[in-house]
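Below: the structure, in structure tokens.
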Amino acid sequence: MQQTNPAAVGDYLRKLQQEIVAAVEAADGGTCVRDAWQKEPGEALQGSGLTCILEGGALFERAGCGFSQVRGPRLPPSATQNRPELAGAPFEAMGVSLVFHPRNPYVPIVHMNVRMLAALPEGKDPVCWFGGGMDLTPCYGFEDDAVHFHTVCRDALAPFGDDKYPRFKTWCDEYFFLKHRNEQRGIGGIFFDDFAEGGFDNGFALLRSVGNAFLPAYLPIIERRRAMPWGERERAFQLYRRGRYVEFNLVWDRGTHFGLQSGGRTESILLSMPPLASWAYQQQPEPGSPEAALYSDFIVRRDWL
């Protein structure tokens, strides 16, 4: 049986966070606030983390990238839906999670997460599994952006088998779906959870490949769109679409539920929230408009490659 090495995963995740935060600061010109935190003695979870956030920047209205490494006495229900035999076991969880909300409505929202969860059943070997992925949520869709993003995702997974991209792409489409709206959240990407195929070494290698692919997937899209002019109409639609992001994260997202159920740090869990969002009753885009094209051509399940 392969040895598990959670410490190596933690080292990698800290380094990944540093690289991404440096890239955010370089692209925006601003400086992230770095908030190192430690859980208080006696709390349900013990551990620490680093939250990095840039607010009010030239490029990013809000860009948060958090690392956390925590231990808890019992796995919460959201983590054992597929592994009932581990219900109630102590656990260790670590990960990097980010959401970037750009100021320009033509630059898409992006989300990325890579994580490891280790169940620590008494008297037994640790059981480790990995999860994560990345997905893109444009307010205004561009075919070449979608193709680029999905190409980088596919290439990151190629060393692990030809089945991984189509499988994780479908998983992403199914996961980032607003059931109450019957609507995709964005143009998708890749998503995986409870991944333990090939043992610890293979799972960790896949995690690294996905994490390392994030900047090549997103930075070229920023550069293509950041200088596009926009006005009140685009801003209003951006805020309306951000409302969908809020709905998904609070109603459907397992990561949000896991964090809140397990006594996680609320400020870090809600790092994904946009600074501003809006709702309008039964808003319908004008036929033939770029806003209408988002619904008909982009936030639908389709093969981009």
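For all residues, glycine too, the Cβ spot is worked out from N, Cα and C.
Swiss-Prot lists S97, N113, V114, R115, G263, G264, R265 with the feature substrate binding site, giving sequence analysis as the kind of evidence. Sequence-distant contacts (6 or more apart, same chain, Cβ under 8 Å) of G263 (substrate binding site) comprise E43, A44, L45, G72.
H150 (divalent metal cation binding site) falls within a helical segment according to DSSP. Cβ environment of H150 (divalent metal cation binding site): K169, G188, G189, W304, L305 lie under 8 Å away, each six or more residues apart in the same chain. Per Swiss-Prot, the feature divalent metal cation binding site maps to H101, H111, H150, H180; the stated evidence is sequence analysis.
For H111 (divalent metal cation binding site), the same-chain residues that are 6 or more apart in sequence and have a Cβ closer than 8 Å to its Cβ are L98, V99, M134, D135, T137, S272. Residues annotated as active site, proton donor in Swiss-Prot, with sequence analysis given as evidence: H111.
In the three-state DSSP classification, H180 (divalent metal cation binding site) falls within coil. In sequence order, E247, V251 constitute the residues six or more apart from H180 (divalent metal cation binding site) in its chain with CB-CB distances below 8 Å. Look at Swiss-Prot and you will find H180 tagged as site 'Important for dimerization', backed by sequence analysis.
Positions annotated as region 'Important for dimerization' by Swiss-Prot: 245-280. Non-local neighbours of the region 'Important for dimerization' (245-280) in the same chain are 37, 39, 43-45, 49, 51, 53, 55, 61-62, 64-66, 68, 70, 72, 76-79, 93, 97-99, 101, 109, 111, 113, 137, 176-181, 185, 193, 236, 239; each lies 6+ residues outside the stretch with a CB under 8 Å from one of its CB atoms.
G264 (substrate binding site) carries neither a helix nor a strand DSSP state and counts as coil. Around the Cβ of R115 (substrate binding site), the same chain contributes A93, M94, G95, V96, S97, F130, G131, G132, each under 8 angstroms and 6 or more positions distant in sequence. Put simply, H101 (divalent metal cation binding site) is 21 Å from R265 (substrate binding site) when counted between their Cα atoms.
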